[in-house]
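**Student:** According to Swiss-Prot, the active site annotation covers S309, on the basis of similarity to another entry. The annotation N-linked glycosylation site is assigned in Swiss-Prot to N16, N28, N818, N870, N942, N1124, N1130 on the grounds of sequence analysis. Residues or ranges marked as region 'Disordered' in Swiss-Prot: 1-43. Annotated transmembrane segment per Swiss-Prot: 122-142, 790-810, 829-849, 890-910, 960-980, 1010-1030, 1047-1067, 1079-1099, 1102-1122, in sequence order, evidence recorded as sequence analysis.
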Amino acid sequence: MQGRPNGASGDPNPRNDTSVTIDSDSDNGSRHRIAEVRGSSPSQIVPEKATILNDKVKAGPCLSTEKDLGIRKQLALSHTESIIASNPIAVMPLESPKQRLAMESSTESHRLRRARTRNPWICSGLVLFVTVSALLILSIIVYSYQSLQVDPQGCRTPSMRPTYIKLVGFDSEHTRFASKYGLYLYRERGVDEYSEEDIGIKGVPVLFLPGNAGSYKQGRSLASEASLYFHDVLQYHQERLKTGVRGLDFFMADFNEDMAAFHGQTLLDQAEYVNDALAYILSLYHDPRRPGRDLNLPDPTSVILIGHSMGGIVARTVLTMSNYQTNSVNTIITMSTPHARPPVSFDSDLVHTYKQVNNYWREAYSQKWANNNPLWHVTLISIAGGGGDTIVPSDYTSLSSLVPETHGFTVFTTTIPNVWTGMDHLSIAWCDSFRKVIIRSLFDVIDVRRSSQTKQRADRMSVFKKWYLTGMEVSAERKLPRKEHTTLLTLGDDTKSKSILRQDEKLTLRGFGHRKGPKSHLMPIPPRGGVPEKKLTLLTDQKLNSMETNRKLDVLFCSDFPLRAGQSATLPSLNLDLSGGSASSIRLVCKSAAEDVISLPTSTSSSKFAFDNVPSLSYLQYDLEDLTEYQFVVVIDKAETRYPGWLHAEFSDSSDSVIPTRVGLGRLLSAGLNIRLPAERPMVIDIKVPALHSSLLAYKLHVESKDCDGTELFKPMVRQYISGPYESKFFVNVRDAEINLHGIAPYMPPHIGDNAAATGISFQLWSDASCNGPLQLSLKVDVLGSMGKLAMRYRTVFAAFPLLVVSLVLRQQFKVYNQTGIFISFMQALDLCIRSSIPLLFLGLTFLASSLATSKNTLSKSASPNAGSNSTESVIDFSANDLLLGSQDAFFWFLVPLFGIISIGTCVIVNYVAMILIHALGAIRAILMSRKGYIKHDERGNTSIFWSLSTKNRVINTAVLLLFVATFIPYQFAYVVACVVQLVTCVQASWHARETRSASHSSFYNYVHSIFILMIWILPINVLVLIVWIHDLAVHWLTPFSSNHNVFSILPFMLLVETLTCGTMIPRITTHLRHITYVLFFFLAAYSAIYGVTYAYLLHHITNLVIAWLVGIHFFAGGFSLRNLSRVINDSDGVPNGSPITDGHIKKLP
């Protein structure tokens, strides 16, 4: 039999009655225990007195009959009366005497205690229902994320023959990171000439920066293409060489696969190293002994930076460092780089570094004068892979809150001509079609005749827009108005060599070369000033660009000759006579439209994807105001023999070609959007849907068209696009299309200019109107497909919101414990919270999310007229979307309760996983201990039943660990150690609770188990930094982190864990001080929901504060004294209020 006597708290009006409650376990007759000894006089059972009862009990074997039980009762009563009379010592000074007597002297209290100590595995029906709902929602999200609304990818793997030359001269004399990082030069075998004496530095320097845990070898795809393209093409173009084009020398930074995405100090170290590398690279070109040096060209003063993933952030950080050489960087291209926000917010240094770097760039571009802007000559291009990138949300690649359109932009790979495919996080560094565009754009911006090695900023931006944008954007530049007349066209009066269309007549050509010799088709340009405005659209399957030498078609814009006053009188260099010697002829002076040609994917009956490896279409689009100085659009068929192909051109009214919609999101959800286009319609139609701008929703588009009676020129094609950032997706041969976008996303900072994404999505439709059939479009919200969009946008929420639930559960456990003395299980407390505090808190958070979204919309609308001016940049609150859901749309209020349900289910799953782990380890422990046969529990109640280490050894171990934290190891390592120790404590507590069937041991186990669950949810915040530290050890980098050695960030955790290893239960508090515990846990819960996503690193520190308060309760519940401190350290029984276990019988393990 196990006795559990407990002294009563001091009562100013003592009563002369003593009650004894006997609790027998009917399931196991060998286990009986005295539950309580209650008396009015203050008392405490001392260990020496407790052994008297145990000695009497141990006189024979374990008793199981009623007679034996009666003997035990008599022994207990007589012994208890003697103890009560001789031990007037109060146990809990913070406990209310009246409340204790009221709770402990009633039969109802005993029933409550029995109910409170039920099996921790038991799950109530309500908790089970919520958990099943959470699992169902999570399953839908995962299925949708992996299988629905997934963008197709069409990257082809390139081939290369790499050689990496390590620059050993870049040693510790040049940088303090020489032993940790490295610098390489890429050479293509069989193409680049190099030797040990001459490594072949003759071109423009480019430095590739890998991303998080990335290798410098990821830059080989770009470097190989640069070598091959210059070797095979450019070196034979003398005109290009005269304009300053040279080869590219690709250098690569080796960061030893360091993890800058998890640690801010690592990011700063890499940026410092890159600046040292830039200085060294430029010094190689300044060496007068360098072979092949051209004395007629200036030495380079800048290096082009290309960054992948976090390498792009390193590139931007370079310009903010103290060792940065002014103007050593003026061009930065980044791929899948999270510019707007850090990928995770678990490290304070990383969050602060992001904030400082972004503020620097915003401040620089907010300056009114160029002289005050250190980034005036810098161009920054951010390229995103789209939905296929499952590492970095492509929303984070946006530059809209950092850089004005004059200095940079964000574009998606699905937008880039002749790429037209989404990419994942890794393939964007090697995709064959994409790398070709990158390299060709770099060759177009370099100019070795300038010391900067690049063209002026405006010219660079023009080149990048030409290569990376579709050419149909509002900001797209048209080269035609700025060009000189290049062709003098002479036409005869015969109809065989030319045809002149009527005003507003459409031109359709099916096949070319129907006659010998060229034939011209003249489309009169309508006079300007009409309402509505008109625009020209021309589409053909023939090549029209200037790089095509054997073109079958030419498109010219012509005026009468001689020119009118005010126009250039320079005679054209090309004379094209199609008159056939006719006496009466028409002479026109013309400009070619070849430089304004837009490439579009081919759309035929066999087309599947835009990135199919087939020749593209050529498209021209001009507003009428761009054609005011011309009279004719002339299409010249130059094919000498019959040649298959087609062309369609027309002038259309904007009222017919642009269809605005005013449908709201609510109506779109209920009824969808249906548009019927008539048979007589323009070839190109723009459908604008401003209500669709959120990146959280996905849609389904259905296009239904009538089969063409004759030969169809092309199948319907749809371009889905938004303007901020530049994201376009092409759907060829379209019938059904999955629509998703990267528009307004959660937690994104406001734009520094007009928010183009807020204008919504648009659909540009190309259809063959010659089929004379109507066309039906249907757009509906894809609810199931939209669920998967939550995974990437709110992935940190799934770590922050569960901490809210755990905090409320612990708060409920302490409330019940302070009232009854029983620390209920995690599942019991969760059941109570679901019935009380959790719904109320999530309801309040829902109203808060709606009000925040409404207020943000109001403020953004009121500030929008001045948003673009530099003078108002400082008033923009770039942290406006950091709270809660991070959304400006009140429509998504339902996400708060949705995440609440998921969080509850996640906590239940983690709780059961932890319990399975604890019981599995306990079973292993039992097996190991069973080899020793019988185990004798120490008869002394103040000896630890958990750990065999002495107090002195525990103090020494803790002090040594704290010393290491202060000097060498990060506190995150100590936290992981604390989690392991707490796990072992849970295993010990669980084993003793099962073996003794004691309510006190059950309470202690529930307490340490809940603390362990709390620590588990903080563990991911600390593990990532620990991974960085372990990686540094692996590469023999022993320099300690500067910001992760705060002893006070781990001291409360270590003290609490060490205290719990002694088996000491936290004292009850029934005074007003108990409300501090409740407030602290509620504050942790509220912060987890409101700021947990943006500032997740603070969750550790707030939890640390809560733990410090619990440590204070352990140490100073009876007032500050060395005696209380010694009691906590040496107490070992795990019984509440420091009462010892008096069961000293010998027991054999099962």
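Backbone N, Cα and C define each Cβ position, glycine as well.
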**Student:** Any residues 6+ beyond the ends of the transmembrane segment (122-142) with a Cβ under 8 Å from its own?
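**Tutor:** Long-range Cβ neighbours of the transmembrane segment (122-142): 784, 787-788, 790-791, 825, 827-828, 830-831, 834-835, 898, 901-906, 908-909.
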**Student:** Rank 790-810, 890-910, 960-980, 1047-1067, 1079-1099 by Cβ pairs under 8 Å to the transmembrane segment (1010-1030) and hand me the top one.
**Tutor:** 960-980
**Student:** Can you tell me how far the Cα of N818 (N-linked glycosylation site) sits from the Cα of the residue listed as 'active site', in Å?
**Tutor:** 51
**Student:** Are the transmembrane segment (1079-1099) and the transmembrane segment (790-810) close, by which I mean at least 3 Cβ pairs under 8 Å that are 6+ residues apart in sequence?
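**Tutor:** Per Cβ check, the transmembrane segment (1079-1099) touches the transmembrane segment (790-810).
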**Student:** Under 8 Å Cβ-Cβ from the residue listed as 'active site', six or more apart in the same chain: what's there?
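**Tutor:** Listed in sequence order: P210, G211, N212, G214, A261, M335, S336, T337, P338, I391, V392, H425.
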**Student:** Cβ under 8 Å to the transmembrane segment (890-910), counting only same-chain residues 6 or more beyond its ends: which ones?
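**Tutor:** For the transmembrane segment (890-910), the sequence-distant neighbours (Cβ-Cβ under 8 Å, at least 6 residues beyond its ends) are 123, 127, 130-135, 137-138, 665, 694, 696, 790, 794, 797-798, 801-802, 804-806, 809, 827, 830, 834, 838, 842, 845-846, 849-850, 853-854, 857, 884, 1013, 1016-1017.
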**Student:** Among all protein chains shown, how many Cβ atoms are found within 10 Å of the Cβ of N818 (N-linked glycosylation site), not counting that one?
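**Tutor:** I get 23 for this one.
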**Student:** Translate the DSSP assignment of N818 (N-linked glycosylation site) into the three-state scheme.
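**Tutor:** SS state of N818 (N-linked glycosylation site) = helix.
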